[in-house]
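What Swiss-Prot records for Cys121 is active site, cysteine persulfide intermediate, and it gives sequence analysis as the kind of evidence. The Mo-bis(molybdopterin guanine dinucleotide) binding site annotation in Swiss-Prot covers Phe260, Cys261, Lys262, Pro263, Gly264, Arg265.
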Amino acid sequence: MKKTQQKEIENVTNITGVRQIELWRRDDLQHPRLDEVAEEVPVALVYNGISHVVMMASPKDLEYFALGFSLSEGIIESPRDIFGMDVVPSCNGLEVQIELSSRRFMGLKERRRALAGRTGCGVCGVEQLNDIGKPVQPLPFTQTFDLNKLDDALRHLNDFQPVGQLTGCTHAAAWMLPSGELVGGHEDVGRHVALDKLLGRRSQEGESWQQGAVLVSSRASYEMVQKSAMCGVEILFAVSAATTLAVEVAERCNLTLVGFCKPGRATVYTHPQRLSN
């Protein structure tokens with residue numbers, strides 16, 4: 001491949017998280033063609049100079065990811081606990097260098113653990129089995145949601161996946177207003193990372209969690225429920241199914257969990273009192 005062409009591809013990658021590679025189609029194995037593939041890179045979150053976790057993620061909106069992860073894992077209580085943040089290249093991927101308040105950093109050091117993440121990581125940030133499903137502060141019951149508004153949101157969820165439309169390789173997480181309008185959506189090769197990006201962005205912008213719900217394009221794992229509850233989200237809609245542990249955690253923390261969300265269809269696992277038809 002010519003150097004100029006490679007440089008153009010690298011520039012596209014930097015902007016979109018997409019790279020062009022050569023591949024072969026089943027009906028023509030003799031002639032390669034260029035096609036778009038989603039990028040997946042190791043991203044290290046480094047707090048006050050100490051690497052805390054490495055996750056596989058799309059190289060976009062990493063400041064939102066770092067903020068959302070810090071909130072949903074209980075490392076910080078609010079965006080004010082972070083004094084500064086920089087995304088820098090490292091030898092094998094990217095680092096998000098985070099300047100944490102002294103008080104929160106002391107708490108982090110007490111629970112620090114080494115973790116190598118994966119795209120489908122289901123226990124990210126968990127140190128031992130006893131920590132899985134640890135209850136969070138029970139959520140209040142402050143809102144209701146009309147399920148008739150869900151269908152329109154489902155039709156537009158793909159709008160927040162430009163990389164996914166090119167590659168078929170990303171998950172999306174978006175905030176759904178009571179009207180069914182989707183706002184503030186994010187995508188990533190990792191479903192948990194997409195959710196953290198959404199949580200981080202809305203927290204950074206000071207948006208309320210009391211009027212609306214989270215909609216994700218993936219299944220609902222225990223960690224998706226716990227992350228949502230940690231940030232005050234009362235309702236979580238998932239396009240696919242929920243796991244048993246996700247249902248148990250949602251029940252304990254008063255989160256309304258809904259799966260199998262398709263036009264005209266939804267399965268409510270917990271706390272249906274927030275929903276109406």
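A Cβ is built for glycine as well, from the same backbone N, Cα and C atoms used for every other residue.
Quick caveat, the model's predicted, so the values are computed rather than measured.
Taking Cβ-Cβ distances under 8 Å and a sequence separation of 6 or more, the neighbours of Gly264 (Mo-bis(molybdopterin guanine dinucleotide) binding site) in its chain are Asp151. Cβ neighbour count for Cys261 (Mo-bis(molybdopterin guanine dinucleotide) binding site): 22 (other Cβ atoms within 10 Å of its Cβ, all protein chains included). The Mo-bis(molybdopterin guanine dinucleotide) site is defined by Phe260, Cys261, Lys262, Pro263, Gly264, Arg265, and by the 8 Å test on Cβ atoms against their centroid, the other residues of the chain that qualify are Leu150, Asp151, Leu154, Ala266. In the three-state DSSP scheme, Cys261 (Mo-bis(molybdopterin guanine dinucleotide) binding site) falls into the strand class.
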